[in-house]
């Protein structure tokens, strides 16, 4: 009986000890005696087939190493029974995620090493359960960002390795913690307060890296030591490989809009250009939208000025009443957004009499264009939006009648009051000259003009309408062109057409009146008239010409027979003497010229018979 009691006593003493010191089959365990006499157990598990942490790790384990295994995840509270654990090493596994409860109960943990895994994120809030943590090794993972709240859990660390990750930037809150170490006192004989590893990350060197670059610039504090201080840029491409010490970055700034016009009043059909500028670092993204939610009826252009300001332009080519309203310009970067409002008021077409010293003269603006036309004290121009366009060369002008010419004399373009032209605009308005009309068919006509002061980018507009009608159509001519063909005209109809620089009001000299039947028949009629005139002239001029030639030949023969000096005293005048005489005393009277001599003149009009005067001497030109 005493033997049985002894056996039970031994089992009672040895059972718990054997359970306390049990080592998992996949691991190796070792026990060492510390200086204070306590025991520290180390468990190392490196089985490549291990996919989860062992479930029966001895509770007295102080150091646990799970390395080079196939462990992909750690279930929550797996290590909670290990209340004496001080070092947890999980290097070079296949960990892709960690539970926020993984560190629950590890109040004594001082080292957490997780290098060489596949972690994209880290449960920073889990560090609340490890108040004595001093070393955190996260090198060679896939971390791309650090949240701002991570700074609250990293203040007590003395070693932090974030090298060889995918970090492009660091939060300002964390940089502020480290900047405090730079300015804090360092006590002699003490170790550095933080060893930091940030190398081998794809840093984006823009304004968001300003604080980190400034932190490394001229670093002399012994409170913080970098494992590798020569950090380098990975992007943008222009700065790839450049060391932080060689950068000159500017601090980030939120967008700030430039002051400008807040309200615009524009006539119907004119071209409106809304402009909005902003500054910011990085350069803000500019955009337009309407306050009422309607789509934009224009084109947006972006540009950057030499001082770094960003500009956006909204081009409204032909404004209508639907374009009236509030337009919002927004400038935005990662720091925030700024907006401004511009009001556009489109006025309806107006007509009024403007005298300017000339009674009965009327000015007008087109319904949807800046061009206008008025004649005979009537408003005749109103824009009709669409008209096909074709460019052709003109060859012959069409002259208006006397009545039409008088109508164009009263044709005046002007704008009253606040719309009066500046001198520069007046010069542009006079750019079109020598407008001519040529007809191709009964249904088309060509216009040509001269614009010597126009550039290659100057665009012209053509306004035309049936004579006396109010509806006027408009065509736009390509820049650099000085001719256009108007098609779709009615035969045997009188029209008025004006050409001017786009956006300006045409003058009366830039308008012409024509008729399609006159233009088409003019060429054939002119040819017939030319043929009749030439035939009649040949019949009338042939007998006198023969008579003159015979008389000249007879005088020449008579002179040869006489052999005298008749050529100086006769009625015949020597051509060389007349054309090259240097003596003013040899001036001949018109009465000394015979009718035959006059017929030999190269000019038959009255002005050709008058002796020209050049350089103080008279000159006559004659041709046989």
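Glycine residues also receive a Cβ, built from the backbone N, Cα and C atoms like all the rest.
Sequence annotations record features per position, and here Swiss-Prot assigns domain 'LRRNT' to 22-59. Annotation comment: Swiss-Prot describes 201-254 as domain 'LRRCT'. Residues annotated as domain 'Ig-like C2-type' in Swiss-Prot: 267-336. The annotation domain 'Fibronectin type-III' is assigned in Swiss-Prot to 431-519 on the grounds of sequence analysis. Here Swiss-Prot flags 84-105 as repeat 'LRR 2'. Residues or ranges marked as repeat 'LRR 6' in Swiss-Prot: 526-549. Look at Swiss-Prot and you will find 1-21 tagged as signal peptide. Look at Swiss-Prot and you will find 22-527 tagged as topological domain 'Lumenal'.
Long-range contacts of the repeat 'LRR 2' (84-105) within the same chain: residues 59-78, 111-123, 125-127, 129-130, each at least 6 residues beyond the stretch ends and with a Cβ under 8 Å from a Cβ of the stretch. Looking only at the domain 'Ig-like C2-type' (267-336), the predicted model's pLDDT averages out at 92.
In terms of DSSP secondary structure, the repeat 'LRR 2' (84-105) contains 0 helix, 5 strand, 17 coil.
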